[in-house]
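Positions annotated as transmembrane segment by TrEMBL: 24-50, 62-88, 100-121, 142-164, 197-222, 242-262. Here TrEMBL flags 42-283 as domain 'G-protein coupled receptors family 1 profile'.
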Amino acid sequence: WEFNGSFYQPSAFLMMGIPGLEALHPWISIPFCALYLVALSGNCMILFVIQKTQSLHEPMYYFLSMLAVTDLGLVLCTLPTTLGLFWFNMRRIGFEACLTQMYFIHMLSFIESSVLLAMAFDRFIAISHPLRHPSILTKTTVVKIGLAILLRGMVSLLPIPFLLKRLTYCGKTELSHSFCFHPDIMKLACADIKVNVFYGMIILLSTVGMDFIFIVLSYLLIIKTVVSLATREECLKALNTCVSHICAVLVFFIPMVGLSMIHRFGKNVPPLINTLVAYTYLI
């Protein structure tokens, strides 16, 4: 502990695995290791194929590349602590390292949300205005969208580590997961965390929340366009291009929102449920 008058700050936090199954952590690490290998090899393969195939140099595949890079970032952020905990029982993570990991996990999650929105917009333009699609989503426009997404994620979350550093911590230093999560860290403080709660909710609603609303709006407009198509075959062909994106949206948003709500409002939720939701979000 670092002492400075009435201000206390832990030198490190202790991460948790799966409650009640600590003895099985080496075995549990096997599926996690396999999933990390699939994520690393799969996303690298996507990037390699898109880079080498000239016919895939289109907006949809540029956004898919952004999604793959973001997923690789999330893998590299969480792999050391998760496998370190399961393999070697390395529970300790430094205070500054925890804040850094938390910042990148949240930033990359917000970037992924924005990329999914950009992909929904791309599908809307491709289906509703197919002839204007190449002129609307040019390479320059895609690059600008990518930079805006990156800047938005970086700037919106920049105050979070500083809001956590100003807090006084006491008593418990155990985190609920094998990675650092903003609501999880702020609950360990024995100071007023209203500012953290308020800012966290505002940022979550104004970024991920707004992204989800616009994704739903995009698909409502797509459905409206598809219904007006002449034949059933054309309708199915148009919708078929959106199926994988819809699945990705659901797989991303449901666990993320669920984990955030559990940490903020689920005071009586069993630790095992909390852990399962967290690892579902991670995977």
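Cβ coordinates come from backbone N, Cα and C, glycine included.
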Which residues, given as numbers and ranges, are at least 6 beyond the ends of the transmembrane segment (142-164) yet have a Cβ under 8 Å from it?
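Hits for the transmembrane segment (142-164): 59, 62-63, 66, 99-100, 102-103, 106-108, 110-111, 114-115, 118, 182, 185-186, 189, 195-196, 199-200, 203, 206-207.
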Could you pull out which residues elsewhere in the chain have a CB under 8 Å from any CB of the transmembrane segment (24-50), counting only those six or more residues past its ends?
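Counting only partners 6 or more residues beyond its ends, the transmembrane segment (24-50) has Cβ contacts under 8 Å with 17-18, 56-57, 61-62, 64-65, 68-69, 71-72, 75, 79, 82-83, 85-87, 89, 283.
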